[in-house]
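As C-alpha cells, the structure follows; a few thoughts come after it.
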C-alpha cells in the first residue's frame, strides 16, 4: 500500500507555499505564507512566478494612469500661463518629454530589466488588487499576513512611474520656466510646478485606493 503525504491546504485566498528546492521532478515547498514579489498563488496554493504578458485591457489601464499626470500638467500650465506668456508651448513640450521619459525608464527598470517589456500576473478578480484585506485569522486572534502583489506589476509600476515623473519635473521644469517664462511674475511662473506637487500625492492615493476599481 502506497503512503500518501497529505498536506493541509493554505488558509485564505492569497497564502501560498514557496518553492524552496527543485531537483529534477522533485520539488520541496515551504510553509504557507506570503508569496515573493513577482509571484502569486495558483489553484493548488503554490506560489508561481508571473510569466504572462499584460493583456490589452491591462495596457489600456496603464496608459490611462500614465496620461493622467500629463493631462493635469497641461491643464495647469495653460491655467497659469494663459495668454500672458508665450512659454506655455515650451512647457507643454517639456511636460510631454518628462512623462514620456518617465514611462520609458519605468519599463526599462521593471522585470525583465533593460527591455521595453514587462511580465505580469493575470487579474482574475477584484480582490486581487486588495490582498491586504484577505489576510486570514485562523483563531480570530492571530493574523497570517499573506499580502502580496497578486496583480504584479500593475499596482506598483504606477507608483514607480509617478516617482520618475516627479523627479524629472523637479530637474527640468524649474530651469526651463526660469529662463523662458519672463512674461509672468515671479510668484506666477512656478505655480504649475506647485500644482503638480499637490496632484501627484492625490494621484498616488487614487491608485492605492481605487486602482482595482478603475
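Just so you know, glycine gets a Cβ as well, placed from its N, Cα and C.
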Kindly point out the range from 89-109, 110-130, 131-151 that TrEMBL annotates with transmembrane segment.
89-109
When TrEMBL marks a stretch as transmembrane segment, which of 40-58, 59-77 is it?
59-77
Remote residues contacting the transmembrane segment (89-109) - C-beta distance under 8 A, at least 6 residues beyond either end:
66, 69-70, 73-74, 77-78, 81, 115-118, 157, 160-161, 164-165, 168-169, 172-173, 176-177, 180-181, 192
Would you mind listing the long-range same-chain contacts of the transmembrane segment (152-172), meaning Cβ under 8 Å and 6+ residues beyond its ends?
37-40, 50, 54, 58, 61-62, 65-66, 69, 73, 94-95, 97-99, 101-103, 105-106, 109-111, 118, 120-121, 123, 129, 193, 196, 200, 203-204, 207-208, 211
